[in-house]
Amino acid sequence: MGTKFGASLVTPFLFLLLSHVVFSTTNDGLVRIGLKKMKIDQKCHMNRRSNANEQEETPGGPIRKYHLRGNLGDSEDTDIVALKNYMDAQYFGEIGIGSPAQKFTVIFDTGSSNLWVPSAKCYFSVACFFHSKYKSSQSSTYTKNGKSAAIQYGTGAIAGFFSQDHVTVGNLVVKDQDFIEATKEPGITFVAAKFDGILGLGFQEISVGNAVPVWYNLVNQGLVTEPVFSFWLNRNTEGEEGGEIVFGGVDSNHYKGEHTYVPVTQKGYWQFDMGDVLIGGETSGFCASGCSAIADSGTSLLAGPTTVITQINHAIGASGVVSQECKTVVEQYGKTIMEMLLAQAQPKKICSQIGFCTFDGTHGVSMGIESMVNEKLEMTSDGVHDAACTACEMAVVWMQNRLRLNETEDQILNYVNELCERLPSPSGESVVQCDALSSLPSVSFTIGGKVFDLAPEQYVLKVGEGVAAQCISGFIALDVAPPRGPLWILGDIFMGRYHTVFDYGNSTVGFAEAA
């Protein structure tokens, strides 16, 4: 849900309101919700990854920070809320619940599907004392439900019960909307958050309690003319507008050219097929045959499999935590792995043949890392999910890619050792030198046959000013095992650069350069 970063990387608890929330409607039939943008301490980022057998929240695991993204529709007024130079930002807007409407600030999250806000019955969680609370006794349209509900995030959780009431989004009133009154918000995750709750814009397939999402009711109750919403995230941190969500259309003022649309391949998250990942214009060798990705407005950074994220962070000079296990594997078995690759052994079975992994070699490098998908994954390695196995699998991918370049044995071993040194820390963060941005390569993603580039100033987040400034890589490791993985989470880093359209009617996602 939120991006998680080490406390050492940022100054503590920087909260700065950058823009105001504005609701407006225009004569084009679209509903726009302005977004507030805040800079927050990285310690407060929420890890959006949900537990596999918990309510399906968005998979944006390690990098999710709740940033409010704007919902944009088929219109011409879409605002992009971008993080430009700040790694910690929240984008949130205001909604109302009840009659008369009780106001709440929420994250508009395409990676989850439920609406929840703190309840007046939340007595024992500190977070509830710092946020607006829903009081059912003060609403004439409240309907009791009472069914219990709980959502587990990577670094936070909420629990409570379902209720039903009218929900006001912009100038639209959704009648009889099921939502969760949170009575427990344990830990500090939500204490420092500047939003009260979360409004999910994902599919009903991942809705806790199978509750009908707010977006579905906006469509079903005829409140929007077109079943489309879009996001504009303002990457200009000095701009008055944090961003804008447009329900019912797309705002042509906030993008250039045409959108590239790709079909949703699996409903739940807004998931689609993604092609090759390029570093400095050259293939990373990992997604050349395809990967899956989701567009997630609840994630601040960009998450991907450890194998390729390590390659990216190496290419941009990002420093992670040294993985001794990885270096040990390369030192003792690097030559053996190369010999087996040259002998055309099946790459996915090499590590089991050497003895690092006790499975048949049919799963990916994400073994042992908890998935954020709906069902808990069945482990295919007989319970042996150790670091050596994962390190071996990554080394195979890296070596295979370098062998294609006809490099020498020494060159390959040196390269893989360098990658081992770039492996991220458990929380996933890596830092780069702020004065080196001009020399860093672009990182690109192939979607719908088109290459979408991210320049260094777009994928590096700068926290602080002057000599105290720190630059953080926008790429963070997140391993989701097959069959759902490898999975990429395209969060704020990507959606700020590319205006994003969520076409519910045609089950497609579209990207165009933000304007």
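Here the Cβ of each residue, glycine as well, is placed from N, Cα and C on the backbone.
Annotation comment: TrEMBL describes 1-24 as signal peptide.
What TrEMBL lists as region 'Disordered' is 48-71.
Positions annotated as domain 'Peptidase A1' by TrEMBL: 91-512.
Marked as active site by TrEMBL: D109 (among others).
Residues or ranges marked as disulfide bond in TrEMBL: C122-C128. Residues within less than 8 Å, Cβ to Cβ, of C128 (disulfide bond) and separated from it by at least 6 positions along the same chain comprise P118, S119, C122, A182, E185.
What TrEMBL lists as active site is D296 (among others).
What TrEMBL lists as domain 'Saposin B-type' is 321-361 (among others).
Look at TrEMBL and you will find 385-426 (among others) tagged as domain 'Saposin B-type'. Across the domain 'Saposin B-type' (385-426), mean pLDDT in this model comes to 85.
Annotated pair D296 (active site) and D109 (active site), C-alpha to C-alpha distance, rounded: 7 Å.
Of all the active-site residues listed here (D109, D296), it is D109 whose C-beta has the fewest other C-beta atoms within 10 angstroms. DSSP states for the domain 'Saposin B-type' (321-361), grouped as helix (H, G, I), strand (E, B) and coil, give 27 helix, 0 strand, 14 coil. Within 10 Å of the C-beta of C122 (disulfide bond) we count 23 further C-beta atoms, all protein chains included.
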